[in-house]
Amino acid sequence: MSWPTFWYQTPKQSWKTALLWPVGKLVCWVAARRLKRFKKKGPSKITAAQVVVIGNIVVGGSGKTPFIQWLGRQLSEHGLTFGVVSRGYGGQSKVWPQWVTEHSEPTMVGDEPVLLAQSLHCPVAVSPNRADAIALLESKYDLDVIISDDGLQHYKMARDIEIVMMDSERLLGNEYCLPAGPLRESKRRLGLVDFVVWNGGDASDLASETSTIMKLVPQHFRSVANPKMILPISSFKHEKTNAMAGIGNPQRFFNTLSELGIDADVTPFADHKAFQSSDFDTFESTKPLLMTEKDAVKCRAFAQPNWWYLEVQPLCPATFAHQLFHKLGHYDFTI
């Protein structure tokens, strides 16, 4: 999805901001009232597991999925059991809640839940009401931690820890609430969560006692049709390629390819787009097509042999992991 350019301009640069500002103020006020009501008398917790919400206050991609992958692997490495709940955004199923496996159809349950099931090999449940998804997890598993993919503003779900993801390139935009700007709620919300994680950026500028930096380190390319096939990261340096991305911030992916020395003709698609084979008819079939792992999940059924996705490794500082595990009540975490 392409976001309005005036969201990322100063108010003086766009008359649209001034026109929509009163509506944005109302959205901020309603969001603040909902939060106040939740803090005063929120829903009772239905699980003994620690519920960790990974959300954002800015619309669009911010790196929630790779951070959840990082967190899940940290939990596994330290012997903690976990599951993931999600709304299943973009899923067309009429039956909720439901389980998600690595073989689930993204068009039915959403692309991100399928990707998390494939990459983390953990139980995943989806429902527009995340409390129902948690109950489904609890019906079968005794978990230490439940991770909520998004859901910061989903106040039907009780939680123990709130983590907000932020894009270090787009920041808060013009700092106005929808529709005048990109914020779901006031920037003051950042001061009320447990941690803020910046996707990329300079640690000296963004890191603090309650915030940290996540780096996405390119590892290699995997075949979309056969993920067991791997190519070195340098494979496409001297080759003309196509690249596509249907994520919240496709330019970030295209910039990464450029930094790797890859010359690509790029095509952005809407976030969460349900791809069909006809969407790729305009791409030159003789050129390799590069994409993100999230896109690959939705293209595997009709992928061509020269389609590849970039696998990245999300990394956060060990000091942050120590803080987070301490917050979870696991004081024996060792760096």
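Glycine residues also receive a Cβ, built from the backbone N, Cα and C atoms like all the rest.
Over in Swiss-Prot, the protein carries these features:
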- V58, V59, G60, G61, S62, G63, K64, T65: ATP binding site (BINDING)
For the binding-site residues G60, G63, the largest set of other C-beta atoms within 10 Å encircles the C-beta of G63
Return the residues near K64 (ATP binding site), defined as same-chain residues 6+ apart in sequence whose C-beta is under 8 angstroms from its C-beta, sorted by sequence, else 'none'. I54, G55, N56, E112, D149, D150, M165
Please name the residue among the binding-site residues V58, V59 whose C-beta has the most neighbouring C-beta atoms within 10 angstroms. V58
